[in-house]
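Enquirer: Annotations per Swiss-Prot:
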- GLY66, PRO67, GLU68, SER69, SER70, GLY71, LYS72, THR73: ATP binding site (BINDING)
- 342-377: compositional bias 'Low complexity' (COMPBIAS)
- 329-377: region 'Disordered' (REGION)
Amino acid sequence: MAGTDREKALDAALAQIERQFGKGAVMRLGERPNEPIEVIPTGSTALDVALGVGGLPRGRVVEVYGPESSGKTTLTLHAVANAQKAGGQVAFVDAEHALDPEYAKKLGVDIDNLILSQPDNGEQALEIVDMLVRSGALDLIVIDSVAALVPRAEIEGEMGDSHVGLQARLMSQALRKITSALNQSKTTAIFINQLREKIGVMFGSPETTTGGRALKFYASVRLDIRRIETLKDGTDAVGNRTRVKVVKNKVAPPFKQAEFDILYGQGISREGGLIDMGVENGFVRKAGAWYTYEGDQLGQGKENARNFLKDNPDLANEIEKKIKEKLGVGVRPEEPTAEPGADAAVTSAAAATDDTAKTVSAPAAKTTKSKAAAAKS
């Protein structure tokens, strides 16, 4: 009898909450629709796989941090380009006042439709972010960078004044306000951050990020990006080998790593990453300096194989699909008119896999191979 009374009381409370706050304000977890995680591809197949869901999750906070010139902005601009190619609206809050539109254009960003803000101080920047997110019209918003979100009091004060904790409090308040709106509008917020060193640390890493601890807690994904090697063509440096570690991930298992090439003036080499992952997963065969795919030679040396895939985007897409299907992450939907190196639309991992099964047929694969052979000859 007591149990029945408790159930009636709970049902009455739930009904009252729904009347007061609206339908869906409270529900049993099993009644909530289990929607697949929608993502924005990063431009690197290896990183999409390391993230576990095929890209950066929609409606979440993402932090990208690392040393100077490690590729933070480049990685973010690739995500911007991919969101735009899917028909999404993107805003870029350039607090550093350092965005190069020509470089962004080379990476595939539609600069004519990119919403840009270059705020005067941190409060103004985060107020703009809050208003844009609450509009519900954005798919992605980028803040570059957290370190440049200088509080108004610091800008208006004297050079030697101490402003302890101002930026941390500002970030904490802003994240409290925008996190819920991000989830409701399915907008991804990417915060680019810089590294600092703690003084007097004897054990462990002295490195830390700016802006206090709030961003570490609110971020669903945190990416640590580092330059590990300089790529050279003879004696000339042509790019960097980059490693990204997923140090926090709320949507898949964390602590996975991805490596890819960033070429100067071109950005992330998608084709180079496909060759590396193709060899690793057995789809591309390497014999000496030659790379082959299903009996067809891609080229002698990685650079020639990379150029061949760039000239044959259908073949590159086919290799990418096979890699992602094998590893069980989101697959790029087929785009017949896609340009070389063009990246995927924003898709969910599960839906994309189903779409691929429907769109890829044996005749299409044969046509691709015949094109590859013709291009070789």
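The backbone N, Cα and C atoms fix where each Cβ goes, and this holds for glycine too.
Given the structure is predicted, the values throughout are model-derived calculations rather than measurements.
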Enquirer: Under 8 Å Cβ to Cβ from GLY71 (ATP binding site), same chain, six or more residues apart: give me those in sequence order, or none if nothing qualifies.
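Expert: Those within reach of GLY71 (ATP binding site), by Cβ under 8 Å and sequence separation of 6 or more, are ILE225, ARG227, ASN240, THR242, ILE262, ILE268.
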Enquirer: Have a look around LYS72 (ATP binding site) and count the other CB atoms within 10 A of its CB, chains all included.
Expert: 21
Enquirer: Give the helix, strand or coil assignment DSSP yields for SER69 (ATP binding site).
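Expert: Going by the DSSP assignment, SER69 (ATP binding site) belongs to neither helix nor strand, so it counts as coil.
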Enquirer: Looking only at Cβ atoms, how many others are within 10 Å of the one on SER70 (ATP binding site)?
Expert: 22
Enquirer: In the structure shown, which of the binding-site residues GLY66, PRO67 has the fewest other Cβ atoms within 10 Å?
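Expert: Candidates: the binding-site residues GLY66, PRO67. Fewest Cβ atoms within 10 Å: PRO67.
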Enquirer: Measuring CB to CB from GLU68 (ATP binding site), give everything in the same chain under 8 Å that is also at least six residues away in sequence.
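Expert: For GLU68 (ATP binding site), the qualifying residues are GLN194.
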